[in-house]
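Quick look at what TrEMBL annotates:
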DOMAIN    4-62  domain 'Tudor'
REGION    53-112  region 'Disordered'
COMPBIAS  66-75  compositional bias 'Low complexity'
COMPBIAS  76-95  compositional bias 'Basic residues'
COMPBIAS  100-110  compositional bias 'Basic and acidic residues'
TRANSMEM  211-229  transmembrane segment
TRANSMEM  255-274  transmembrane segment
TRANSMEM  295-314  transmembrane segment
TRANSMEM  326-343  transmembrane segment
TRANSMEM  454-474  transmembrane segment
TRANSMEM  480-499  transmembrane segment
TRANSMEM  520-541  transmembrane segment
TRANSMEM  561-580  transmembrane segment
Amino acid sequence: MPSRKYADGEMVMGRWPGSVLYYEVQVASYDDATHLYTVKYKDGTELALKESDIRSQSSFKHRKSQSSSSSPSRRSTSRSRSRSPGRPGRGRRRSSSQSREPKNDKKKAIQETSIALPPVLVLFKPSENNTKRYNGEPESTEKNDTSCIILEHKLKPDLEVKRVLDQYSLRSRKDEKKKEEIYSEKKIFATVKTTEKAPTKTKELEFGGRIGTFTLVLFLPATVLYLLLMCKQDDPSLMNFPALPALESLWETRVFGIFLLWFFLQALFYMLPIGKVVEGLPLSTGKKLQYRINGFYAFIFTAAAIGILLYFQFELHYLYDHFMQFAVSAAAFSLALSIYLYVRSLKAPEEELAPGGNSGYFIYDFFTGHELNPRIGSFDLKYFCELRPGLIGWVVVNLAMLLAEMKIHNLSMPSLSMILVNSFQLLYVVDALWNEEAVLTTMDITHDGFGFMLAFGDLVWVPFVYSLQAFYLVGHPTVISWPVAVAITIVNSIGYYIFRSANSQKNNFRRNPADPKLANLKFIPTATGKGLLVTGWWGFVRHPNYLGDIIMALAWSLPCGFNHILPYFYVIYFICLLVHREARDEHHCKQKYGLAWERYCQRVPYRIFPYIY
């Protein structure tokens with residue numbers, strides 16, 4: 001293995017990606033696997049550079065002294081000799097009446113420019129792709145190669161250096177830094193694509209590390225079982241712990257068969273050749289995966305299938321009668337799926353592993369997900385489970401609870417509380433499926449692997465815990481008046497408006513920041529080429545979508561009244577989940593954006609709740 005040349009803490013000269021400029025940087029660390037140095041610039045930006053992009057400070061001083069020792073007049077004389085007017089073709093290009101004085105002034109300016117340049121310049125020659133990026137337009141995927149030209153000052157004439165300066169519009173670091181501090185409304189801070197690090201071992205463990213993830217593997221199924229047992233009791237208070245059912249009563253083969261039928265029916269809808277095909281965000285290798293956007297069509301087909309079942313007198317409240325068995329079946333299936341995912345990930349190439357699930361510890365990688373995008377052919381398992389079986393299943397569960405309430409309490413129509421819960425949560429699911437493409441920019445898709453955490457969350461937690469309010473109302477009817485219903489609807493509408501408009505701003509800006517519709521949005525440019533919005537909802541709080549989520553979760557629980565805290569478990573859970581995600585996002589963004597994130601936090605001090613947190 002080649003030994004490293006520069007030590008940690010050493011002050012060296014590092015080339016800024018995409019420019020000819022070298023700046024004083026400090027070596028922070030060295031990766032033995034990728035042979036890249038992590039260096040820190042004076043403005044706080046941290047980048048990974050190759051050894052060829054780093055020079056010692058002594059070499060710069062030595063070359064500069066050599067350059068300055070040459071007499072300008074001597075260089076001018078030699079240059080005038082080599083460019084004699086008597087050279088063929090020169091006389092025809094210039095008028096004989098031209099004065100030599102402007103020509104000498106021009107040469108003098110060129111000489112002064114060349115002396116100010118570093119002795120070794122590394123330039124990225126812009127291709128068609130790079131030109132588009134500097135114009136503020138989306139990056140083209142057709143050309144990703146960047147050719148390099150190494151210019152040695154002592155070998156190239158000054159006129160060539162001036163031409164390069166004019167072509168690339170190079171500026172000093174001082175001017176560049178001033179420009180970064182101006183909030184741009186029309187352009188993105190352009191940077192040339194840097195070399196991506198190959199996936200390395202996960203060093204920072206979340207969820208309490210190995211002990212925490214092992215606990216969660218046991219705790220999450222137990223929590224679902226506890227909540228469902230509590231809802232079945234006449235008095236679902238926290239002090240009234242439910243009796244544990246017999247183990248044989250928790251399993252029924254027929255129920256498991258129905259769950260499998262449901263799962264593979266949704267898989268069939270997913271594979272139908274309808275809906276547009278889009279590309280996801282670039283992976284660490286630069287590759288972009290393709291996804292078929294047809295979740296809303298799957299929802300329509302599911303609604304039609306349920307309608308046919310009801311037409312033929314199928315008793316959908318069967319789901320309510322065997323709700324516990326369905327939850328256990330889903331948990332067993334998610335566990336089996338997680339084992340399969342981990343086993344197959346052991347043979348996955350290194351570049352296909354999840355950056356947050358490659359710790360080398362079995363239980364941690366099993367929980368968080370070892371492989372980033374496990375696929376069977378073109379069938380993306382993580383993307384499919386993210387929106388299909390669990391999310392659409394949540395609506396079916398709510399409908400089953402509505403029918404069960406009508407049957408058990410002999411109602412000709414559902415209660416107003418049940419209608420509100422079903423309507424609010426139906427709107428949430430339809431919105432997610434209608435804006436399905438937006439999920440491709442979330443951390444679940446771009447960062448997290450597919451393991452027990454997402455498999456259990458998508459297939460068990462979403463349909464059986466998110467439907468807790470509807471399940472509670474079947475056994476504990478709550479009567480509310482129309483004015484109260486209107487007030488709760490207003491609360492939900494406010495939360496939904498914040499949630500949807502904030503997500504739309506973020507997703508549209510990520511997809512096409514040069515869109516004229518976004519011209520009124522201001523942002524802080526970052527060294528990654530992306531911008532941090534500081535106007536709109538993202539200038540109000542750092543995570544306005546989380547604020548909207550919490551307000552909606554409260555509106556879903558209010559129709560259940562205030563007799564017990566159990567229906568508000570979802571609100572408490574959602575606040576804890578989003579605070580955890582927010583802390584995780586803060587840490588990730590601080591590492592990714594450096595000084596720009598600190599400036600953003602100063603501009604937008606509140607995280608989720610304005611004037612509170």
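For all residues, glycine too, the Cβ spot is worked out from N, Cα and C.
Remember, TrEMBL labels are computer predictions, not curated facts.
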With an 8 Å cut-off on Cβ pairs and a sequence gap of 6 or more, do the transmembrane segment (211-229) and the transmembrane segment (480-499) reach 3 or more such pairs?
no
Quickly jot the same-chain residues contacting the transmembrane segment (454-474) by Cβ under 8 Å, restricted to those at least six beyond its ends, or write none.
220-221, 224, 227-228, 231, 236, 263, 320, 323, 326-327, 330-331, 333-335, 337-338, 341, 369, 382, 385-386, 389-391, 393-394, 396-398, 401-402, 404-405, 408, 415, 417-418, 421-422, 425, 444, 448, 556-557, 559-560, 564, 566-567, 569-570, 573
DSSP assigns the residues of the domain 'Tudor' (4-62) as 9 helix, 26 strand, 24 coil
Residue list, the transmembrane segment (295-314) vs rest of chain: Cβ under 8 Å, 6 or more residues beyond ends.
265-266, 269-270, 272, 274-275, 387-388, 392, 395-396, 399, 429-430, 432-434, 436
